[in-house]
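**Q** First, the structure itself, so that you have it in front of you.
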Amino acid sequence: MRGIFFLILILNFIGLIFSVAEDCALSKREDRCGSIFEDLTNCYNSTFKMMLGDCLVTCNACESYTCNNPQPDTTLNCTALAGECNSALFSELMKEKCPATCGKCNRKNANLCSDKSKPDICVNLKTLCNSVEFYDKLSEQCPSTCNRCPHNGTNPENKTGGNGGTGTQECTDLANDCSYNQNRCSVKEYSSLMHRLCPKTCNACNICEDANKMCPIWVPRGFCSKFDHDKVQKSCAKSCNICK
């Protein structure tokens, strides 16, 4: 009996591969999804996870999955971490970093603000959210679609995007096509943009750290204030809190 159940499940999955997914924008349900998810509790069953993406309307899960992960998979491979979505240890972190993968694009997470542009425009440009060319523009015009809403729920200002991986933050690329655009790192017209969105690719990271292992001993003795700024920054930038 169990074998028959899984056979039906596989056949339904094959049917979904060669069929059109439900359209969230039109709230249009497909009959096959109604058959697969006749018991709606299966919408939350991991066994049906692979079929859920094509039946978001039936499962009332459009808001949960229709967003972008904040960072491309080249920076944080959410697909590989999908098994941690509901783990006790990492669920909150996964909700923040991988909402689209985990189906956590709710109003308390990815959609805290609204798009400025028309919905159809943002949806059509969604695949460009993490591109170098359109990163800033789409962060401004389509913050909800691109999952770049600030935590306070207000629309972001004109300038958005990364900080170039400077200071104490981990140095990572924000855009997903940095390697393709690597030749722009040294081009005057693009260098500022590239260093901000692709600091790792452009070798423009400024990781804050102490150069001298004696800093923990020197700093309590007044090293930060006794010597000139350049010497302090060169030796104990992190301990003296003067990172660029």
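Just so you know, glycine gets a Cβ as well, placed from its N, Cα and C.
A quick note: this is a predicted structure, and the numbers were derived from the prediction, not measured.
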**Q** Let me make sure I read this right: Swiss-Prot says C129 forms a disulphide bond with another cysteine. Which one, out of C105, C113, C146, C149?
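**A** The record-listed partner cysteine is C146.
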**Q** Could you give the Cα-Cα distance between C205 (disulfide bond) and C198 (disulfide bond), in whole Å?
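**A** Just about 9 Å between their Cα atoms.
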**Q** For the C-alpha pair, I'd like the distance in angstrom between C215 (disulfide bond) and C198 (disulfide bond), rounded off.
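**A** Cα of C215 (disulfide bond) to Cα of C198 (disulfide bond) measures 31 Å after rounding.
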**Q** Among the disulfide-bonded residues C149, C171, point out the residue whose Cβ has the most other Cβ atoms within 10 Å, with all shown protein chains included in the count.
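**A** The residue with the most neighbouring Cβ atoms within 10 Å is C149.
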**Q** Please work out the helix, strand and coil residue numbers for the domain 'ShKT 3' (171-205) from the DSSP assignment.
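**A** Residue counts for the domain 'ShKT 3' (171-205) by secondary structure: 15 helix, 0 strand, 20 coil.
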**Q** Going by C-alpha distance, which of the disulfide-bonded residues C142, C149, C185, C224, C236 is nearest to C129 (disulfide bond)?
**A** C142
**Q** Between the disulfide-bonded residues C113, C171, C185, C208, C224, which lies closest to C146 (disulfide bond), Cα to Cα?
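**A** That would be C113, nearest by Cα distance.
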